[in-house]
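Below: the structure, in structure tokens.
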């Protein structure tokens, strides 16, 4: 099946732009936003703006290195080259584990969503179906993957735009509200804009940043981009404003139509908005959207882990068999391994006690922030490693240079502190540090084996 170990560049600027955009629009917006609103009130809008700025800093740092050295293993390779082999090893495996956990949640969610329409069909049938379908998609050419991901993301984005436009119609003209405009007074009528104080807004930041998780896939696409020097900068520069529009715009509409303390209490914010327009089948519309979102997420999950493991295998941080590719340039071994892992993980998800799964899911939050911190540290070390003339010649530099990166780093450390401060998420720090210790033990055994092979 395999012909060599090379990936093929088949992703266009259009594919990469929508992949980067779609990766940050998922359950964090469709469901997680309700919890963030409860925590911060209307000031959650400010939290999403602050989080968007931090996400942009992370993307620019990754983009600077990706344009200079496009690699499928992306931030794992950059960590290895700039911080050392151990940093690359831990970062790569932590990212893979993070995405696997997220993928477990996504495939399980797909079964639940389909159960809304077909309650008599067991969920495991839908879960098995979507895993096999996504596996087949990822075994095709990367161009097919990119095209499907483009349309998945397109449907998500189109639905959000329709909801924002419809919401503005309710706010300004009272469409669907008996001709009575709702206005925007709900943003300050129920306890003020900072209804839960500054602390409420600050505490919501950890949830906001998790909602932006997935943006780092833009770096992984660099290894298969046709023209990374053009496509990566265009994708990165276009995404932040769009994300801010979709998140901030959507929540602005929702909280203008409904008092913030009622959002999420009688159903999904998206369902409530459509129902307010007089659309009785709002639940089905939302269900189609979240189904598309979960398909997009699973598709990107398998793609991301496959490319990361392929790159790590080439670096010597993962088994060499993961470096094998098909004639189409697809890392088929990693795709099959991810598929098998998903099938086994879905089974575990059904038999696992709820609190245990919460612990594992919490690790994804820690792992996301960990990967972002390693990206920023790698960029700082990358800049220090280059002579001044090469720094000046960089084609996609971070605005403000290392100073901006350090500011982003301080912010992420603050997010980790928030995770530890909040009782519901504190356990993720314990589990996260335990994961790092396990990787360190694995690294020790790996180095010992490498020395033995070198002496043989």
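Using the three backbone atoms N, Cα and C, a Cβ is placed for every residue, glycine included.
On a predicted model such as this, the values are computed, not experimentally measured, just so you know.
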Legend entry - One side of the membrane in Swiss-Prot: residue 88 and residue 304: yes
Inset, instruction - Please spell out the DSSP helix, strand and coil residue counts for the topological domain 'Cytoplasmic' (60-95). - result: 29 helix, 0 strand, 7 coil
Legend entry - Segment-segment contact (the transmembrane segment (243-263); the transmembrane segment (39-59)) at 3 or more Cβ pairs under 8 Å: yes
Inset, instruction - Could you put numbers on the helix, strand and coil content of the topological domain 'Cytoplasmic' (377-399), residue by residue per DSSP? - result: 15 helix, 0 strand, 8 coil
Inset, instruction - Restricting attention to the topological domain 'Periplasmic' (178-197), give the mean pLDDT. - result: 86
Inset, instruction - Could you give the residue numbers and ranges of same-chain residues that sit at least 6 residues beyond the topological domain 'Cytoplasmic' (60-95) on either side and whose C-beta is under 8 angstroms from one of its C-beta atoms? - result: 7, 216, 218-220, 222-225, 228-229, 232-233, 236, 304-305, 307-312, 314-315, 317-318, 367, 370-371, 374-379, 381-382, 385, 394-399, 404-405, 408, 435-436, 439-440, 442-443, 446
